[in-house]
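> Have a look at this one before I ask anything.
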Amino acid sequence: MLSMQHISKVFRTDTVETHALKDFSLQVNEGDFVAVTGPSGSGKTTFLNIAGLLETFDGGEYTLDGESVKGLKDNTLSRLRNEKIGFIFQSFNLIPDLNLYDNVDVPLRYRNLSKAERKRRIEESLDVVGLANRMKHIPAQLSGGQQQRVAIARALAGQPRFLLADEPTGNLDSQMAESVMELLESINANGTTIVMVTHDPNLAARAQRHITVRDGQVTENEREPKVVSQLRA
Amino acid sequence: MLGYYLKLAWLSIKRNPILSALMVTAIALGIGASMTTLTVNYMMSNNPIPSKSDQLYYVQLDNWDPNDPFDEPNEPPDQVTFRDALNLLHANKAERQVAMAKTNFIVEPDNQEVKPFHARGRLTSKDFFPMFSVPFLYGQGWNQAADDNGDLVVVITKALNEKLFNGENSVGQSLRMQGEQYRIVGVMDTWEPTPHFYDVTNGAFGEQEDVYVPFILKRDLELPNSGNTNCWKTPEGDGFKAFLQSECVNYQFWAELPDNNAKDNYMSFLNSYVMEQKKLGRFPRPLNNRLSDVMEWMKKQGVVADDAKMMMYMSFMFLLVCLLNTIGLLLTKFVGKAGEIALRRAVGASRTQLYWQHLVETGLIGFAGGIFGLLLAWAGLAGVRHLYGDNLKPDLATLDMKLVLIGIALAVVSSMLAGLYPTWRACRIPPAGQLKTQ
């Protein structure tokens, strides 16, 4: 599904070079739920941005769903993001003056779908996250947890092959975080690959895989399916 | 996608109403100023008779002072003498020709309830009406015999017919002017060529004449001079006849020449005519005859005044300044939308799609600015009309549909051009950083 081999990324200013990723290699398989942890500045977000085709890389090879993304043009990268990747952000990134229906509609607008098909997908996605009855509300009328659910619905509406989540529960209280995490687990159970960056070791422990990033490299890579009910206990 | 972009544009405009209002105001001011001056220039330089403006030629003969041209560097007079006008008319060498002069009448209505009033008059010849495509409501122009015999016939305008005959067919009725009884042979329909091309020497934008009578009546009835009269030497003798025989120029002459061959032939005729006149001791200057078609003649006469052009250029500079302000405001607005732009990039919008989204937004702002700008232009033109009063034909400072469309197109296109740089800047912001910092 996602294969990174020896990826490097350097941020340069006039005086400073920062090696965000150094010889970063990772293989994510179809259906995985991967948690990525690491201290601040370790390169987690840079990895996520490169994985989501939001950032270019300087060296190495990155293959997404069997296609090398190196040197692809902007339009092709946009199409790949639209068709294969769903994003969930810590701060939800909803457009404040669009109602829930129109927020979920955003990625679909760039995919030449009929109005009826878009409507079907939007309603289905909002139903999955339990907000089908609040389609005409604007984000400000929702709680943080509900807003994150809308963001998840937006990501799901595009029917992506995998979801990239950057601290999806970072702005939520524990009860809301639990609810969002359960939703992500259910989405993963339906076959969607998820890569989630988190600082929360408890959430990381609930993923099938847990990788740790330090100084721009993968330092630990555990694959041990958890029994979620046991962890909750 | 256009509908979607328009919806997003409307939401974006509503999101920052003050910023949006400032941009609309800036564009409206620029468009208002530009369209006001553009309208005046457009109307001034309008082709008043597009169907045959390249077939109608204004005739100039250089009968002027041998030591001092009429106008530098070597321009012939802008009108001809009475006797030259009459000679050219009688020569009948063009397909149609017309000799003209401006005059004045006092109309004495039969209806005692209507007081005598002043009327603007034009002395002209029979070809005036077909040559300048004058439409008739009733009757028609007069014939050759009326020109030759100096018949007391008159063509009146629709407005005068309304005033004197309540708009009814007045052909055959009589009209008393300055003690003479004229027979009405035609009532013109609305005919207001702008500019007043057939006699720009007496003001290209003045009011049209009310009555038209045969040219030869100038001599027969000793009708008064009106308009510009220029002389380079005093008439030889006293009285009206001496004046008509003088080298004073007060008459316009037009010839209808359907093609270049006809034009060349007519110029040869003019040259021969002047050579003949030289033998009589006239035309002391070298041959310097001119034939100018309608648009050339209006250009030569400076129908579009230099100060009007300068005002137009300055107003476009003002529009540019307004657009520069709009660019600054758009930069602020679009950079403020960096988070949304980054989100759209992340979920699959290409840069091209985002460019279009934002150009539609600037276009919508421009459209609103254009509408308000046209309202300002309308007010500005009302001010111009008020300022110039009777010296300006009302339709000269009036927005027509073509100008309205030009105004809106100018506003939309210039706004979209102004939006190019802010849009480019906004779409170049790396999305990754914006998404993290939201």
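Note that Cβ sites are derived from N, Cα and C of the backbone, with glycine treated the same way.
Among the features that TrEMBL reports, domain 'MacB-like periplasmic core' is placed at B:20-215. Per TrEMBL, the feature domain 'ABC3 transporter permease C-terminal' maps to B:314-431. Marked as transmembrane segment by TrEMBL: B:21-44, B:310-335, B:359-381, B:401-421.
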> With Cβ-Cβ distances below 8 Å as the criterion, list the same-chain residues six or more beyond the ends of the transmembrane segment (B:21-44) that contact it, or say none.
194-195, 204-205, 303-305, 308-309, 311-312, 314-316, 318-323, 325-326, 329-330, 333, 365-366, 368-377, 379-381, 384, 395-399, 403, 406-407, 410-411, 414-415
> Under the DSSP assignment, what numbers of helix, strand and coil residues are found in the domain 'ABC3 transporter permease C-terminal' (B:314-431)?
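Tallying H, G and I as helix, E and B as strand, the rest coil: 106 helix, 0 strand, 12 coil.
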> Taking only the residues in the domain 'MacB-like periplasmic core' (B:20-215), give me the average pLDDT of this model.
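92, rounded to a whole number.
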